[in-house]
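Pulled from TrEMBL:
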type	residues	note
DOMAIN	12-173	domain 'MAM'
DOMAIN	175-266	domain 'Ig-like'
DOMAIN	273-366	domain 'Fibronectin type-III'
DOMAIN	440-545	domain 'Fibronectin type-III'
REGION	695-718	region 'Disordered'
COMPBIAS	700-711	compositional bias 'Polar residues'
TRANSMEM	726-747	transmembrane segment
REGION	759-804	region 'Disordered'
Amino acid sequence: MNHVCLLVSLPGGCTFEEPYSSCGYSVSLGTSGFSWEQLNSWEKPTMDPALPTGSFMMVNGSGQASGQKAHLYMPTLKENDTHCIDFLYSLSSRDGGSPGTLNVYIKVNGGTQGNPVWNASNTITEGWVKAELAISTFWPNSYQVIFEAVSVQGHWGFIAVDDIQVLAHPCRKAPHFLRLQNVEVNVGQNATFQCTAGGKWSQHDKLWLQQWNGRDTAFMVTRVVNHRRFTATVRVGDTSQRSTSRYRCVIRSDGGSGVSNYADLIVKAPPTPIAPPELLAVGATYLWIKPNANSIIGDGPIILKEVEYRTTSGNWAETHVVDSPTYKLWHLDPDVEYEIKVLLSRPGEGGTGPPGPPLVTRTKCADPVHGPQSVNVVDVRARQLTIQWETFGYAVTRLTCVPSTSFNNYIYTSVLRLVLANPEGSKESEEIVKETEEDVPASVPMESLQNTAYEEKIFMQWKAPNETNGVITLYEITFKALSSLDPSADLTTQRGRVFKLRNETLHFFVGLYPGTTYFFTIKASTNKGFGPPITTRISTKIAAPMMPEYESEAPLNETETTITILLKPAQSRGAPISSYQLVVKEERKSKTRRAASNPFDCFSAPISFRNASFLDSSYYMAAELPPPSLAVVQPFTVGDNKSYGGFWNPPLSPAKSYVIYYQAVSRANGVSHNTLCFTFTGATAPCPMSKCPRVRHPTPNCSPGASTQDSGAMEPEKQVDSTVKMAGVIAGILMFIIILLGVVLAFKRRGLHISSSYHHRKLAKKQKETTSSSTQQREMGPVTTADKSTTKVSTLHKDDPFSTSNQELNGFSKLASLKVPPEPTHHLVGPQHGASKKVWSQFQPAIRVADLLQHITQMKCGQGYGFKEEYEVVKQHTHKEGKLQGEQ
């Protein structure tokens, strides 16, 4: 036997085969002719391919402005059982664009229209599409379905609906909601609605809570109960004031929409009494009152009454539950003023309202029989005494406070007496004398903290706390390193703890790391323990870098114009190394004795070679090297005619003595520290650098070191008695003066033309002869090497800022009136000359008194070249000059 289920259609549907008014439908006439129209394509064919076929209601959106609305109203329905409304709709267009929007509203009991529960827009349909409305509004409530068409400007198309049915069975695709219950909360409490629906839940379904006035609230949690039930909860936050609002649940699925009934959200205000409680009777230890809770502000019902009372001068309060029309407060204190209030509560969380107006009254008095009995001190502390006695009405009076120690140590001897009094009389107890205990001291005054920071030390001084609260026993100072300007510094061990006695209020912290910020904590202690600490931060100063030790003090290589030295990287101390600098200083000798400069001064002013010439400075910076370029030990050539860090490294003059300074520079926070590692001294021409004495000064401070003329740095076997030295100096001066006078007289007598060419013999094993046509060159004194056989000839630079004039070198004025024709600088070769002819014009000039010590040192470097050899050279030179003049 087969069962056939017939679909029963309820009143309210319409197929639009007949006029829509016969179905109880109505339309609203919109502006500009935009409204719903009934069309039967079978009776009145149309040539527009965008129109669907059949008998239906449609809106022509062609040529309409945006936002035009047209409404189609279904008749008001009052259903008493589960039902479903389905309909066909079509969105068609000539250009393929959306002709507008189709919205569906559910208006309940003739109320507001609210927001749409279903809509279709943005796309066109292929023919007719079915949609369902699962409406859970039942008798005695009524509802009305409204179809709304909204136009879009610039699109030609049609919006149509057809075959609207009200079916007496559940919808196939749209979920049906169970009854939504009313929610009642008190003001300020959270309100939560729970929507339960029958059907299958899909992740694409959209759930929300719709308010009566049209506001929508999204659901917070959706939970599937089983394959036919799912629930969703949402919290309503606006419960700040007493009100009533209506909400319903709405779900939008692929097949349509489901709408629940409207439920009320009722926000109640907790009750508060209008009048204070009524006083019925007063005693010495009781108060009899009537709560007087009939007149209230707020909402009922009242399920709980409470009485709150306290003394007007106290900060405590007690609450008693009242379960009768009147209430008696027992065990009160005589002659004490009390404040009494009534609290009322209604059902629900947060239902207790604020207290009502207070009743202020006082208990009666009674004559005390005797004073306090069994008075004992049960606890003694630094700032309080605890006493115990038999309980009844009383007042505690502190009569006197006498310090038992001096110097504000805050140890008190207190005299206490308990007094029992009322308007009828008073009784006193015996006096109690007790001394309070010590307490922890206050903190050390921050304004008394003084400190002085050095590179590796910090001096700190402080004063005792203003409130010692006893006798200070000791101070505890802890410190630890927080940060350092030197990223390579290891701060893990930079911490410690120091204890100082009561009479020691200063300390010198040593062994610290330069350029480091330390965190100090100081606190004082009594026998009770340590008081609160104070903290401060102190930073040590950055220190000059530390230079490494040099195994050899001699240069690596020397030429006529260069000296190659070995550079080693320095170690930073408190701040990273910023640069390495090489400073070249000429060793000048002045005729007048000047004040000696500090030997530990660094070269802080970076003077280039050209600026040194302009400023007549005795030194210039030859190179500034960045730290990455000197990460390892490497040689460096002074005088290689290159630029380093913006400073020119010009060739050295063979006729001068130089001191080469190698210094490291650290800069941090605007502070700069320099240190000299090694000094190389000596003259490139007078004697080889390898035989000039040198002294190294590896001090961390700026130290230039000793020059080559320092006799104290010579080898022991070359040292002589000071008397012999002085005699030799005097004899040398006299001999050079005599030789100079003889040479000058010989020149004047013979009319000798002075040549401007100078010749030097080269040190070591090579021998070279050069002749220069420059008239600004000057002749250097002969320097004898170890084998006494070679001389060194060098031509000075014309732009050397350290060069002196001919008057300073030779000791006599330049003959301006004597014109000397230039000598040929090449060899003449011919039959009458069998070999090269050399013009000898080399002679020993006079030595200034200020340069005599340097000259004597140069002769000592020659190892055998002394005054006798020098005189023989001058004699040979004079003989050659006479012979040459005779030939001419």
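One-based numbering along the chain as shown.
From the backbone N, Cα and C atoms, a Cβ is placed for every residue, glycine too.
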DSSP helix, strand and coil counts for the domain 'Ig-like' (175-266)?
0 helix, 55 strand, 37 coil
The domain 'Ig-like' (175-266) [mean pLDDT, rounded to integer]:
87
Report the DSSP secondary-structure composition of the domain 'Fibronectin type-III' (273-366) as helix, strand and coil residue counts.
0 helix, 42 strand, 52 coil
Do you know the DSSP helix, strand and coil residue counts for the domain 'Fibronectin type-III' (440-545)?
3 helix, 49 strand, 54 coil
